[in-house]
Amino acid sequence: MQVSSLNEVKIYSLSAGRSLPEWLSDRKKRALQKKDVDIRRRIELIQDFEMPTISTKIKVSRDGQYIMAVGTYKPRVRCFDTYQLSQKFERCLDSEVVTFEILSDDYSKIVFLQCGRFVEFHSQHGHYYKTRIPKFGRDFSYHYPSCDLYFVGASSEVYRLNLEQGRFLNSLQTEASESNVCDINPVHFLFAMGTAEGKVECWDPRTRNRVGLLDCALSSVTADAEIEGLPSISALKFDGALNMAVGTSTGQVLLYDLRSSNPLIVKDHHYGLPIKSIQFQHQLDLIISADSRIIKMWNKDTGKIFTSMEPEHDINDVCLYPNSGMLMTANEAPKMNIYYIPVLGPAPKWCSFLDNLTEELEENPESTVYDDYKFVTRKDLENLGLAHLIGSSLLRAYMHGFFMDIRLYHKAKMMANPFAYEEYRREKIRQKIEETRAQRVQLKKLPKVNKELALKLIEEEGEEQQFSKKRKQKNLPSLLKDDRFKVMFENPDFQVDEQSEEFRLLNPLVSKISEKRKRKLKILEELEAQGQEEEEEPEGKASDAESSESSDDEKGWVEEVRKQRKLLRQEEKLKRQERLKEDQQTLLKPQFFEIKEGEEFRSFKDSAKKQKLMKKTLEDRLKLEEKLGTLNVSDTTVGSKQATFKLKKSEQQRKQQEAEKRHRQERKTLRRSASHLKSRRGRGQLFH
């Protein structure tokens with residue numbers, strides 16, 4: 001079980017459990033399961049709660065006993081019985097399911113909208129009936145009072161199929177070119193559909209007339225948003241009689257009151273991905289919206305983030321188990337995720353043990369994943385003296401480092417620094433003593449790290465406080481007390497090095513700015529005392545005088561920077577002279593170099609020539625090659641350049657070619673002598 005926390009909200013991932021490294025073999029995994037009690041006690045809430053490849057939609061029946069999910073491959077539906085905590089049945093289908101709806105309280109009546117324009121009905125025993133709609137469907141809703149199914153898709157019409165009469169009724173003609181989603185209000189049964197043009201059309205099923213039109217595309221555009229195209233409606237959900245949430249393809253969620261055409265709140269996911277699902281959580285007045293990357297929970301009144309979850313794989317659908325804190329997701333992965341958030345509500349009846357389990361975990365926090373392995377970088381290995389193990393079976397390469405056995409890591413660390421524990425213990429004792437001292441009455445004390453900077457900040461704060469008291473302004477928070485900058489005055493790694501080049505070059509400018517600021521404060525205080533503050537010139541000086549003063553200041557600090565640069569150059573010269581003296585004092589020892597096989601050593605001049613040649617530019621090298629005759633550059637008829645060159649031959653290749661040439665010449669001479677003898681014999685026979 002993995003536990004994550006955001007905004008002090010604990011989220012328990014029940015499907016993940018304590019994960020093992022992927023590179024472990026099956027045999028090692030089995031061995032770990034036998035040895036390790038924690039791995040053996042992993043929570044598998046529902047047995048085989050997964051799909052072969054991916055899952056697309058997930059829903060819970062109204063009685064809460066059955067969880068149904070569709071996915072691929074092959075296209076199928078799986079029903080899980082929560083009372084038995086296992087799979088009840090699995091049915092394969094002819095084509096992929098776009099969406100489905102459970103019409104009954106249990107699994108006995110299900111409707112599937114498939115991607116091949118098919119509408120398939122299933123009863124308790126299995127497949128019941130199959131029909132087709134004229135255009136490709138994208139979503140549908142069931143109107144309980146009239147037993148009508150409303151289908152929306154790649155058409156301007158909304159198709160109506162009456163399940164009582166068993167026939168299609170007159171379709172609703174809309175202004176939209178295409179529709180993506182639809183929903184029916186559970187209180188007054190108003191039918192709403194989201195279009196590709198970014199509008200929401202509301203229809204009354206009793207009169208079959210349009211009663212409202214919302215332009216959500218314009219409302220979703222905020223001041224800081226970049227518009228790449230017209231946002232379409234990708235999600236739609238009613239909440240009670242008056243509230244409706246709309247999700248757009250650009251990642252915004254708009255909450256509407258049906259009595260107003262303006263949204264109550266606009267929430268941006270900031271990922272630019274289409275909103276896949278919207279759910280309402282009534283106990284805490286939350287909206288749970290999800291795109292393919294993140295699930296966000298936020299307050300529907302203020303828009304403040306409650307918590308969020310980012311699963312490892314892309315999200316296709318989200319289902320909130322009714323009246324509980326359980327959340328299920330269909331993903332682009334075989335395993336379907338189950339999350340339990342105790343803050344949202346209690347665990348369902350069929351897994352009430354989760355409440356006790358989470359309470360125990362809060363009392364005794366679990367250790368993190370990969371407990372048996374330690375992740376180390378190459379630098380860590382060098383510090384531990386284990387760099388020679390790279391490439392061996394003791395280290396497993398992973399991302400920018402390696403995984404190694406935690407026991408080996410502890411042994412190596414003890415050998416590298418045997419007094420590390422003692423140092424750690426002393427540091428902890430020192431921290432505890434400082435914590436107890438903090439409870440006493442404290443005097444103003446400078447920190448151990450960056451004392452001068454802290455003193456400067458205290459002086460500046462004191463001046464600003466005096467000035468703000470006179471003007472009756474609020475004091476700004478102190479940097480020394482701010483938690484964000486706390487480490488700067490505690491950790492020695494953040495110590496300002498005053499001897500560094502950067503500090504010495506920047507210090508004149510910083511000191512001049514602080515002096516200028518002090519002067520400004522004095523002028524303002526004098527003006528306030530005299531009561532002669534003007535609106536145009538709040539400094540109390542003419543703009544020309546001020547500009548002349550600023551130019552003088554600039555000249556001053558420029559001169560100081562030049563002085564510092566001269567000093568730095570002098571220091572560099574001294575360092576070079578010291579290095580030269582050290583080099584002269586050191587005695588050079590002879591070095592031996594190994595010559596590669598097939599090469600002959602001529603002299604050190606060749607290597608010097610090669611180095612000189614490598615330092616030259618490409619143009620100079622090409623000119624040199626042309627002179628030697630190994631390179632020929634010519635213009636082509638098209639207008640481009642053509643370069644032909646000869647490869648340099650090594651000494652071994654040259655010898656081999658000479659031997660081959662000699663061999664060919666010998667064979668030629670032999671052939672000639674043989675042919676000459678044959679001709680002579682032929683002549684002798686004729687004369688004979």
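Glycine is treated like the rest: Cβ placed from N, Cα and C.
Note that this is a predicted model, so its numbers are computed, not measured.
If you check TrEMBL, you get these features:
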COMPBIAS  633-643  compositional bias 'Polar residues'
COMPBIAS  648-663  compositional bias 'Basic and acidic residues'
COMPBIAS  664-688  compositional bias 'Basic residues'
DOMAIN    1-364  domain 'Nucleolar protein 10-like N-terminal'
DOMAIN    369-417  domain 'Nucleolar protein 10-like second'
DOMAIN    482-508  domain 'NUC153'
REGION    528-557  region 'Disordered'
REGION    633-688  region 'Disordered'
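Broken down by DSSP into helix, strand and coil, the domain 'Nucleolar protein 10-like second' (369-417) contains 21 helix, 14 strand, 14 coil. Looking at the domain 'NUC153' (482-508) alone, the prediction's average pLDDT is 75.
For the domain 'NUC153' (482-508), DSSP puts the residue distribution at 17 helix, 0 strand, 10 coil.
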